[in-house]
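TrEMBL has this to say about the protein:
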- 39-58: transmembrane segment (TRANSMEM)
- 70-92: transmembrane segment (TRANSMEM)
- 98-118: transmembrane segment (TRANSMEM)
- 130-150: transmembrane segment (TRANSMEM)
- 170-191: transmembrane segment (TRANSMEM)
- 203-224: transmembrane segment (TRANSMEM)
- 239-260: transmembrane segment (TRANSMEM)
- 267-287: transmembrane segment (TRANSMEM)
- 293-312: transmembrane segment (TRANSMEM)
Amino acid sequence: MKMSGVVPFIAMIVQQLAQVGLAVVAKGAMSTGMTSFTYTFYSSAFSTLLLIPISFFLHRSAIPPLWPTFLYGFFLLGIMGFLMQVLGLLGLQYSSPLLSTAILQLIPGFTFILAVILRMETFEYKSLSTMAKTIGTLVAIIGAFVATLYKGPQVFGINPLNTILTTPSAWAIGGLLTMICSIIASLFIISQAFVLKKYPAELILMLFYSCCVTILCAVFSLIIERDLNSWSLSPHSRLMAVVYSGLFGNVFQVCIGAWCVRKKGPLFVVMFHPLGIVVAMAASIFMGEIIHVGSLVGSIIIVIGFYSVIWGQSKEWTKKEKNLRSNNNKMPFLQDKNDDDLEVNI
């Protein structure tokens, strides 16, 4: 395999490492007193500052016009992103990086359900690919409830850093908040697809998205947060977490994801997502957190459901590609026939 063929694999592995790293540094920052609102505000603000020069430099030759409709779409994505990030961080605060990473694998299944409800996708009950996605979604949801509601005996780890996390109620709240975050993320993906069809400039979109999230977090933080300590970037670990989140969040994830989709396709990208569960498990063990049987069993069930959904989706993508190639192959014959008819008429 040539080096050019290896680079996308390395890029996706690094992306998953960075994704789990986001959960680890966020949990570390919040354990020192930062809240989900202030942490999201700082990280989104830093992302916005990074995206301003990058987006306008890359799109300097052809920036699509910003009509009011697009701005409404950006603001809607910003609201969903605000809810998604705040609820995701709250879920992480009550649970662990392993549980959060595992439950986020529900996003493809939830996206399929919402696409069927919104009639963006037809539910063909006789189709093998549709049945695979349906069963995979149900299996993944069952795995999420197993990981959330059943802890079981301890497998790895020592006494946790935060004794509040030992209570089953806190663990269940964390899992349910992350599930809600996954549903909102699915809505975000569908809405983002609509906006990008009309405004095909990913970095400009992410710039306005980060800006909206920053503004919303600032407003809610000023209303809700009364503790000035939650705004402080001291100790040094808070500042490092914010910088890491801003750099490896929106900017890095969007650039690497878009590049790999262009090189290898969307299926290649999503196939690497369960790798994050393995990385999160190693990170949780390293942080000294307890890993229970419920988390392991639930994560395995989620991964099985995840790959079932992806298998069904890959079958549909393959079918669409074959139909597209078939139509393209027919076009020359139609063109030849039209030319012959034109000659006869002449």
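The backbone N, Cα and C atoms fix where each Cβ goes, and this holds for glycine too.
Unlike curated records, TrEMBL annotations are generated automatically.
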Spatial neighbours of the transmembrane segment (293-312) not adjacent in sequence (6+ beyond its ends, CB under 8 Å) are 96, 98-99, 102-103, 105-106, 108-109, 112, 128-133, 135-153, 155, 267, 270-271, 273-274, 277, 281
Looking only at the recorded stretches 70-92, 98-118, 170-191, 267-287, which one has the largest tally of CB-CB distances under 8 Å to the transmembrane segment (130-150)? 98-118
Can you see whether the transmembrane segment (39-58) and the transmembrane segment (98-118) are touching - at least 3 CB pairs under 8 angstroms, only pairs 6 or more apart in sequence? no
Could you tell me whether the transmembrane segment (267-287) and the transmembrane segment (98-118) have 3+ CB pairs under 8 A, leaving out pairs under 6 positions apart? yes
Other same-chain positions with a Cβ less than 8 Å from the transmembrane segment (267-287) and lying at least 6 residues past its termini are 8, 12-13, 15-17, 19-21, 23-24, 96-98, 100-102, 104-105, 108, 156-157, 161, 257, 260-261, 299, 302-303, 306-307, 310, 313-314, 317
Would the transmembrane segment (70-92) and the transmembrane segment (239-260) count as touching if the test is at least 3 Cβ pairs under 8 Å, pairs 6 or more apart? no
Non-local residues, at least 6 beyond the ends, that sit with Cβ under 8 Å of the transmembrane segment (170-191): 73, 76-77, 80-81, 83-84, 87-88, 90-96, 99-100, 103-104, 106-107, 110-111, 113-115, 118, 120, 144, 147-149, 151, 164
Counting only residues 6+ away from its ends, which parts of the chain sit with a Cβ under 8 Å from the transmembrane segment (203-224)? 35, 37-38, 40-41, 44-45, 47-48, 51-52, 54-55, 58-59, 63-64, 71, 74-75, 77-79, 81-82, 85-86, 192, 195-196, 231, 250-251, 254-255
